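Listed in TrEMBL for this protein:
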type	residues	note
TRANSMEM	6-27	transmembrane segment
TRANSMEM	47-67	transmembrane segment
TRANSMEM	94-118	transmembrane segment
COILED	166-193	coiled coil
TRANSMEM	210-229	transmembrane segment
TRANSMEM	271-301	transmembrane segment
TRANSMEM	313-333	transmembrane segment
TRANSMEM	391-415	transmembrane segment
């Protein structure tokens, strides 16, 4: 398991800090300087060196950062796992890798809060509500075109006698001409969509989309309730902030935390459920990115649009999804801490039989789910859990991130409920677009 973790997470570091940045900068240089491949590779490597430096710094910090596992009084669970942490952290290479992966997981947590939490509410409600009719939108768009054209004619009539237009009229006329170009692009897109076979197919499976939307919203509410109960359990029963809100065992259980250990007894049902959870997070994350685009703080870098997405935007999409999937490994712990820590392990507890309320000399043993009170030789904490929670400050960040995730999901749910139906060409035509790819998109919709 140790070497498997090393290989898997090393591949992730390679993709995040070397491969994806190199390809991104290569495409950036390709747009600016066509033809000189050697120069493009050289420039891309120069910029990628900065990411490699960041990776090296994270590895160095992780190799030498002190592992201080808090050992508070009246917190015997720390004493029981401290030796496990120290044993697992004896290799500086593994500790360095854990620090680097945890740093990326924090970035993935921010991406999950931004995109996944919103996508969990937007995707099912968009499926339930559907989109507006292309024919109806086209009729409205035609009326808007006629209105803008009449406004332009009124402005142009002011200069028929040779008088120059005022600066205000010139600005208004320029804005109206831009608006007219956008409306005509919308007209071409709506016409293509109205005639396409894909639109007719989507109308035919409309009942199925409603069923999927209801299913997705139920799953989203299940995840949110499980995450809330898990975080509430940490708030009430963990050792506090300086322990990373880590809790060994479960006091407030949740549906997923009960279900996964049961499914683990029948191979491979638990893996099927985990795969389903990961795929659900991927689909909802893609829905969030599709609706919002790629942002850097308040600046939108790229739009994700069917048939018109730039290569750099696709690379950003891959990077964001990779980090979100990386964060999903911790999210599953938040949803099912018992499963991630101990799985379906049980230990035997001595119990004295009672007959008619009187103690008996007969001693029996009953099985109990593994927790912090279990003997060290009967229950083992999983190596994956130790790898993810080696540094308490990252665990504390994940704890607060889960609260932010719940808050963003609830806000997104309210906003999605209040919004009306999406346009059938939502995000496809904006005023800052050009006409270059309109023909390509109309071909796509045929």
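In case you wondered, yes, glycine gets a Cβ from its N, Cα and C as well.
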> At an 8 Å Cβ cut-off, counting only pairs 6 or more apart in sequence, do the transmembrane segment (271-301) and the transmembrane segment (6-27) clear the bar of 3 or more pairs?
Replying inline: no
> Ranking 6-27, 94-118, 210-229, 313-333 by Cβ pairs under 8 Å to the transmembrane segment (391-415), which is first?
Replying inline: 94-118
> Do any residues of this chain, six or more beyond the ends of the transmembrane segment (313-333), have a C-beta under 8 angstroms from a C-beta of it, and if so which?
Replying inline: 12, 15-16, 20, 23-24, 27, 101, 104-105, 107-109, 111-112, 115-116, 227, 274, 277-278, 281-282, 285-286, 289, 294, 301-304, 339-341, 384-385, 388, 398
> What residues in the same chain, six or more past the boundaries of the transmembrane segment (210-229), come closer than 8 Å to it by Cβ-Cβ distance?
Replying inline: 120-121, 123-128, 252-257, 277, 280, 284, 331, 334-336, 402, 405-406, 409-410
>> Using a Cβ cut-off under 8 Å, which residues of the same chain at least 6 positions beyond either end of the transmembrane segment (6-27) come close to it?
In response: 40-41, 43-45, 47-48, 51-52, 54-55, 93-94, 97, 100-101, 104, 311-312, 315-316, 318-319, 322-323, 326
> the coiled coil (166-193): mean pLDDT?
Replying inline: 83
